[in-house]
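Per TrEMBL, the features are:
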- His413: active site (ACT_SITE)
- Asp465: active site (ACT_SITE)
- Glu474: active site (ACT_SITE)
- 530-610: domain 'Carbohydrate binding' (DOMAIN)
- 511-530: region 'Disordered' (REGION)
- 1-24: signal peptide (SIGNAL)
Amino acid sequence: MEKHFRLISMTPLFLLLCFPFAFAGHDYGQALSKSILFFEAQRSGYLPHNQRVTWRANSGLNDGKASGVDLVGGYYDAGDNVKFGLPMAFTITMMSWGIIEYGKQMAASGELGHAMAAVKWGTDYLIKAHPEPNVLYGEVGDGNSDHYCWQRPEDMTTDRRAYRIDPSNPGSDLAGETAAAMAAASIVFRRSNPAYANELLGHAHQLFYFANKYRGKYDSSITVAQKYYRSISGYNDELLWAAAWLYQATNNHYYLSYLGENGDSMGGTGWGMTEFGWDVKYAGVQTLVAKFLMQGKAGHYAPVFERYQQKAEYFMCSCLGKGSRNVQKTPGGLLFRQRWNNMQFVTSASFLATVYSDYLASAGRSIKCASGVVAPSELLSFAKSQVDYILGDNPRATSYMVGYGNNYPRQVHHRASSIVSIKVNPSFVSCRGGYATWFSRKASDPNVLAGAIVGGPDAYDNFADERDNYEQTEPATYNNAPILGILARLNGGHGGYNQLLPVVVPAPTHQKPASHPKITPAPASNSAPISVEQKMTTSWNAKGRTYYRYSTIVTNKSAKTLTDLKLSISKLYGPIWGLTKSGDSYAFPSWLESLPAGKSLEFVYIHAASAADVSVSSYDLA
């Protein structure tokens with residue numbers, strides 16, 4: 001539960017990496033399964049019937065009650081029993097990003113459903129934590145009283161007070177990160193649960209407005225967080241981060257403009273980073289904005305977006321050890337930023353390198369570092385080297401993922417795993433009694449915290465597997481969240497997919513997809529007097545690609561004549577018939593000036609993707 005930032009670099013294991021797509025040596029699919037399973041061990045609240053980590057039970061069932069709000073659920077951040085909003089939201093954002101980019105690979109290994117369930121466990125809680133537009137609960141419990149005790153979550157006797165931000169006590173960083181999490185997760189659920197996706201987007205819009213209008217650092221309002229998750233970077237990075245995710249989720253040009261107009265003044269184009277994590281988001285913003293640029297979405301903001309991209313590539317070069325200011329590495333090749341839970345920076349930086357490698361490959365680009373040109377495959381090789389180190393390719397031959405391999409940490413700094421399960425021995429474990437009986441016990445944990453990535457070794461690859469060595473043996477949700485996408489990518493191999501096209505996350509299923517999957521159009525947003533309905537009418541294959549024809553019916557449901565209709569259409573990658581382009585919008589075709597009451601018009605388009613997003617921008621009723 002500690003605060004950190006981090007960066008990446010290339011390793012002496014590079015000889016293993018010459019063939020980045022010949023992934024071998026580790027079972028990335030098994031590691032992916034375990035890394036998702038860890039989140040079930042971190043659950044707070046009423047556990048579901050399909051809970052797989054069976055040594056855990058219900059906990060925190062009165063959270064929020066004293067404040068008159070239901071805050072049951074969510075995740076414990078690390079080895080303690082506090083629910084910290086900032087790292088929890090970042091965890092949800094990063095899990096969602098991994099699914100957005102590599103959901104196809106997760107589905108192929110049967111893990112997409114579990115990954116989406118892990119995201120939803122978090123977003124269900126975030127929805128509860130945002131009961132009013134300008135109110136967000138950012139912490140339940142406090143680290144001081146919690147750290148005084150060593151108890152199972154099921155036995156907690158510590159203070160479970162809830163702490164919030166509001167206009168009088170703002171927290172732009174917390175609200176911004178939570179908006180980013182909601183927006184990113186809305187993309188994850190857009191196809192399988194569109195109503196839920198829309199609910200998340202509604203919260204994301206409100207939270208961004210709240211964060212942007214009432215500015216301040218959250219730890220000045222929730223002061224009990226300062227010792228554990230102090231916001232060193234401030235909130236400008238979270239405001240840009242939230243805008244980037246809201247743009248990705250909505251294609252609303254307000255957010256694109258926000259990135260373009262505030263990039264210079266808020267540090268998005270100015271900060272060259274060597275770390276990325278729950279506090280410092282700039283490298284993540286820069287990577288996303290570079291993606292928008294490569295997708296051709298920058299418009300007249302292209303010069304600004306190019307400056308974002310330069311800083312994204314500064315980060316990549318630094319991680320590779322080929323920049324003007326490089327991230328430190330251990331002798332064994334692991335990125336090293338700090339001795340306390342260094343692994344969070346390793347997984348986060350590796351994820352950025354993975355997705356940026358695929359963005360570059362999709363765009364047919366390389367990057368220029370201070371020491372030369374870097375091909376996309378080199379970035380992926382670097383990320384693979386870091387993952388392989390975590391899984392055991394290191395000087396100690398230790399897996400820093402609990403339960404993976406034969407040699408992994410057995411005395412994890414984690415209350416729930418280090419104390420016998422309440423289902424095995426229901427005897428109450430007292431606050432200080434837990435320290436005397438369980439914390440000081442020099443034996444393996446009674447419960448294996450499968451999939452947890454611990455803090456990791458020091459700057460010289462040394463590691464002590466001891467429960468009181470919290471700097472090295474404590475796990476955290478934000479260590480695991482970024483690695484889901486990387487493991488799915490490595491397990492999937494090189495599929496030749498274009499990462500710059502919109503990634504449609506399949507609905508979670510463990511069944512083999514049909515040869516002609518049903519394409520569910522993205523939900524169209526309807527203004528009350530006007531309905532927009534889309535359907536796919538036919539599909540065919542040409543040169544190895546499947547193309548779809550979509551029919552869209554716009555109906556005037558009012559009792560008046562519809563004039564001056566403007567439609568916004570995003571995620572359109574092919575020709576369209578039956579409308580006239582008018583600036584950034586689409587209007588009636590030239591032969592139609594109005595639409596009488598009860599009448600409809602049809603337009604069609606063709607492309608090799610799921611349905612475009614169609615919404616009503618403006619109209620008049622005469």
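Note that Cβ sites are derived from N, Cα and C of the backbone, with glycine treated the same way.
Since we're looking at a predicted model, the values are computed, not measured.
Here the features listed in TrEMBL are painted onto the structure.
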{"residue": "His413", "record": "active site", "Cβ within 10 Å": "24"}
{"residue": "Asp465", "record": "active site", "Cβ within 10 Å": "17"}
{"residue": "Glu474", "record": "active site", "Cβ within 10 Å": "22"}
Per-region confidence, the domain 'Carbohydrate binding' (530-610) (mean pLDDT, whole number): 84
Cα distance (Å, whole number) from Glu474 (active site) to Asp465 (active site): 10
Between His413 (active site) and Glu474 (active site): CA-CA distance (Å): 5
